[in-house]
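Asks: Got a structure for you, written out below as structure tokens; questions coming shortly.
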Amino acid sequence: MKSRFVLAALAGVLMSGTAYATDVKIGVMNDRSGIYADIGGEGSVIAARLAVEDFDAASKGINVEIVSADHQNKPDVGSNIARQWYDTEGVDVIADVPTSSVALAINEITREKNKIFLNSGAATSDLTGAACSPNTVHWTYDTWQLAHGTGSAMVENGGKTWFFLTADYAFGHALERDTSAVVKEAGGEVIGSVKTPFPGTDFSSFLLQAQASGAQVIGLANAGGDTVNSMKQAAEFGITQAGQAIAGLLVFINDVHSLGLDVAQGLVLTESFYWDMNDGTREWSARFEEQTGNKPSMIQAGVYGAVLHYLKAVEAVGNKETEAVMAKMKEMPTDDPLFGKGVVRQDGRKIHDSYLFRVKTPDKSEGEWDLYETVATIPAEKAFRPIEEGGCEFVK
Amino acid sequence: MFELLGIPPQALFGQLLLGLINGSFYAILSLGLAVIFGLLNIINFTHGAQYMLGAFVTWMLLNYLGVNYWWSLLIAPVAVGITGVILERLFIRRLYHLDHLYGLLLTFGLALITTGIFKQIFGVSGLPYQAPPLLSGGHNLGFMYLPNSRAWVIIASAVVCLATWFVIEKTKLGAYLRAATENPTLVGAFGVNVPLMITLTYGFGVALAGFAGVLAAPIYAINPVMGENLIIVVFAVVVIGGMGSILGSIVTGFGLGLIEGLTRVFYPEGSAVVIFVIMALVLLVKPAGLFGRTA
Amino acid sequence: MTATTEATGGPVVAQQTAGGMPVHHIAIFAGLLALLIAAPFFFYPIFIMKILCFALFACAFNLLLGYGGLLSFGHAAYFGMASYVCAHAAKVWGLTPELAIICGTLVAGVLGFLIGSLAIRRQGIYFAMITLAFAQMVYFFSLQAEFTGGEDGIQAVPRGHLFGLIDLRSQESLYFLVLAIAFAGILLIYRIIHSPFGQVLKAIRENEPRAISLGYRVNRYKLAVFVLSATLAGLAGATKAIVFQLASLTDVYWTMSGEVVLMTLLGGMGTVFGPIVGAAVIVTMQNYLATFGAWVTIIQGLIFVVSVMLFREGIVGVISKWTRKPL
């Protein structure tokens with residue numbers, strides 16, 4: 001289209017007018033108003049800014065501009081923004097994007113437009129499996145990791161029999177299916193499951209069914225508000241006190257914070273990052289908290305890590321050409337204060353350690369955000385789905 | 001595992017009790033809608049947001065002012081009721097001469113604004129609310145462990161519903177109200193301040209929603225969208241019952257809660273839609289609703 | 001506008017007014033078409049296509065509300081279901097885009113017939129609540145059904161070749177296809193409104209008992225307009241699936257039903273051009289406010305309140321009053 005040509009020409013003039021060698025525009029797209037606003041939202045934008053700051057982009061000849069948008073968890077809104085960003089606003093990279101449906105849509109558009117997608121927020125392991133793309137890096141976590149982390153570790157710690165509360169939609173079904181497989185593989189047994197309407201507010205009836213089953217572990221194959229409600233009601237009905245353990249399959253630190261320790265205590269969950277792990281994470285999280293008032297979630301930490309690594313790759317390549325930068329990101333080992341040393345695999349999966357946490361009891365907690373104790377560390381090579389099992393097509 | 005006949009009667013009893021607890025919420029909310037509809041002829045789309053408001057006020061009272069649950073039970077509905085009175089005075093009042101659809105659209109807009117503001121301020125993760133000591137813990141009834149907070153919901157809602165029914169159907173004030181529903185001009189001619197009565201009625205209906213919100217606070221996650229989906233179910237409840245009678249909406253509320261509870265045991269996948277299916281059936285057989293007076 | 005129908009009432013006069021298009025309407029349609037043909041050279045084409053889809057959706061909705069007097073709060077059901085069926089037909093069955101769109105549209109029509117026959121048993125606000133409840137059922141169905149892909153939706157829908165010939169991956173061809181569909185749909189709605197059928201509808205809206213006493217089988221008319229409206233909403237939804245190459249839960253959720261009410265109300269219900277203006281304003285607003293999070297909801301709520309309190313004729317309604325020409 002004509003307008004685009006004019007714009008491009010204009011952009012060219014502007015570019016040559018600045019002293020910077022490379023202009024990079026990063027679009028942080030996530031949920032800024034809905035159920036995932038707290039785990040990503042403005043916090044992810046701040047995380048991206050901190051990455052630019054720490055990288056000291058300006059002095060390295062890279063001029064970074066960060067823009068942000070709210071996809072409202074709607075794939076059509078998200079793809080609309082993405083197309084517009086790529087087509088008319090010169091965005092080179094889209095970062096974050098929680099909500100699997102939106103992430104899959106952005107994944108397709110990014111491939112079509114040959115740009116770069118640094119996903120941190122989405123759970124679906126399809127991003128590096130059936131829907132994998134040479135233009136995508138999936139940084140923080142995925143469903144395979146969570147199911148395996150929580151599932152196998154629980155069975156090893158004696159939780160042999162399971163009962164699932166499964167949110168009745170594709171995501172819940174997938175989570176239950178993956179976790180069941182892990183539980184069985186580890187020598188456990190799934191003695192029942194109930195499909196709960198989604199989204200739900202009252203889980204008491206299903207919790208009683210879970211209680212009646214006598215399973216040692218109640219697995220929550222749900223997310224967001226469903227998880228919060230089922231946890232709250234499990235506490236109300238005294239389910240953990242009666243000896244059953246509850247395993248959250250997709251729980252974030254903000255959920256635990258919102259539930260409070262009285263309710264959430266004893267919950268076992270898997271995450272890739274916790275602010276209180278070492279000096280590096282504590283120092284960064286303090287800076288983050290100064291600006292947001294909250295400790296970072298693993299998703300926000302992931303945005304930081306991914307943007308930092310991307311900028312390093314741009315510096316190493318010397319320009320922002322997609323193939324070269326992607327190749328560099330996969331070739332160069334990752335290293336940042338939050339996830340430590342790691343690597344981006346050929347299929348775009350970022351590999352790092354993963355942790356099984358247990359939520360502290362109120363008397364052991366020393367502060368508002370002192371929420372987890374580490375039960376086990378799952379080493380990087382075991383934490384994620386092996387590349388050959390993903391079925392990613394372009395990886396031969 | 002949970003075959004149709006494989007359920008021990010005790011477990012079934014527990015599930016029915018849970019259904020009744022859910023029904024309590026339907027009953028209070030549909031009662032509020034019915035009271036408002038009776039006099040104002042408006043479907044109050046803001047009802048869900050006002051329910052949410054009740055829960056949030058309860059939370060704010062505890063966390064900002066240190067007011068406990070029991071006082072909130074009184075203060076929060078009054079506070080929500082006052083916001084209702086303000087809305088009625090500022091906006092709804094000006095629409096009485098128009099098609100009722102405008103009332104629906106207005107209250108829908110107000111619901112969007114209220115929900116949006118709370119999303120903006122509190123986010124959507126939800127806030128924790130610590131149940132008061134008397135309501136934490138519970139009793140083992142033999143067939144199930146009944147948390148005190150749930151038992152309290154049934155008692156409180158039954159009392160409030162019956163009190164409302166009594167006031168409207170059996171007292172002089174209620175007689176005025178019912179008369180004003182039929183013929184406001186005539187009642188006005190008897191020296192009753194009808195506009196004030198309408199305002200207060202709206203305030204009261206809204207206060208009922210706020211009350212349900214207080215009851216929900218210790219049980220459900222407090223978040224800005226907690227009322228959004230509930231209100232659609234309550235609309236279906238109202239269509240099934242027909243808004244002709246106060247008692248009708250109470251009975252329908254509790255009854256549908258029970259049916260939904262049973263569905264959760266026998267066919268959990270269908271529990272989200274069972275009320276809508278019943279609504280379709282009722283429309284086929286008795287379009288005016290079970291207790292509706294006219295079509 | 002309504003006064004004339006009131007005064008004339010009967011079908012004979014109605015047929016007379018159903019004649020040719022007034023000159024200023026022809027001028028507006030022609031101007032609109034010229035504008036839209038030029039638009040992609042100045043604006044982002046996908047954005048214009050989105051407006052076109054929603055304009056058709058709002059016009060279809062307005063047919064029911066503005067001319068049938070029936071407020072449906074569940075139009076997302078037809079819009080969204082058509083979008084799913086179209087996406088599925090194009091992606092899984094491999095149909096060409098025009099056939100996929102037709103499939104989606106037909107399914108929306110059938111769904112409209114099923115829901116409509118129950119919903120028209122009640123009037124006014126009950127009607128609104130019933131349509132809302134049924135739409136919620138459709139939403140739950142879409143959430144759980146296998147073919148809709150749950151919350152992931154149907155992704156990467158191929159745009160394919162129109163009639164097996166024209167490659168729609170080219171943004172220009174796609175744009176003109178969408179323009180043609182939306183324009184044809186809107187003209188069809190215009191034709192329906194100004195047909196004898198449309199006149200009877202207005203008579204029913206204004207005075208139902210009178211229409212009954214004149215011998216019209218009111219419920220048949222209501223059902224017919226309901227099905228027409230649902231079908232055309234479906235056409236908009238199906239087209240949207242091809243444009244965005246995805247179908248998702250957003251389109252069946254009740255907020256979508258609320259949005260189309262808002263577009264119609266803001267633009268001016270019961271006007272020909274109002275819904276188009278309303279759709280353009282709301283879509284543009286959502287586009288530019290996307291970064292402001294919950295403010296979108298708040299502003300939409302405010303527009304609702306302001307429209308209802310001060311501005312019931314809507315934008316086009318007000319212009320129509322100033323110019324004293326029905327628009």
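We count from 1, first residue shown onward.
Including glycine, each Cβ sits where the backbone N, Cα and C put it.
Computed from a predicted structure; not experimentally measured.
Relevant sequence annotations retrieved from TrEMBL are reproduced here:
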type     : residues  : note
TRANSMEM : B:12-39   : transmembrane segment
TRANSMEM : B:73-92   : transmembrane segment
TRANSMEM : B:104-129 : transmembrane segment
TRANSMEM : B:149-168 : transmembrane segment
TRANSMEM : B:204-223 : transmembrane segment
TRANSMEM : B:230-259 : transmembrane segment
TRANSMEM : B:265-285 : transmembrane segment
Asks: Short question: which residues 6 or more past the ends of the transmembrane segment (B:12-39) have a Cβ under 8 Å from it?
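Replies: Those are 47, 51, 141, 143-144, 146, 150, 153-154, 156-158, 160-161, 164, 168, 177-178, 180-181, 197-198, 201-202, 204-209, 211-212, 215-216, 230-231, 233-235, 237-238, 241, 243, 245-246, 248-250, 252-262, 264-265, in sequence order.
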Asks: Could you give the residue numbers and ranges of same-chain residues that sit at least 6 residues beyond the transmembrane segment (B:230-259) on either side and whose C-beta is under 8 angstroms from one of its C-beta atoms?
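Replies: Contacts with the transmembrane segment (B:230-259): 16, 19-31, 33-35, 37-38, 43, 45, 47-48, 51, 111, 161-162, 164-165, 168-169, 274-276, 278-279, 282-283, 288-294.
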Asks: Between the transmembrane segment (B:104-129) and the stretches B:73-92, B:149-168, B:204-223, B:265-285, work out which stretch tops the count of Cβ pairs under 8 Å.
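Replies: Ranking B:73-92, B:149-168, B:204-223, B:265-285 by Cβ pairs under 8 Å to the transmembrane segment (B:104-129) puts B:204-223 first.
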Asks: Other than its close neighbours in sequence, what residues sit by the transmembrane segment (B:204-223), given a CB gap under 8 Å and a spacing of at least six beyond its ends?
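Replies: For the transmembrane segment (B:204-223), the sequence-distant neighbours (Cβ-Cβ under 8 Å, at least 6 residues beyond its ends) are 24-25, 28-29, 31-33, 35-36, 44, 46-48, 50-59, 69, 72-73, 76-81, 83-84, 87, 122, 124-132, 135, 149-150, 152-153, 156-157, 160, 164.
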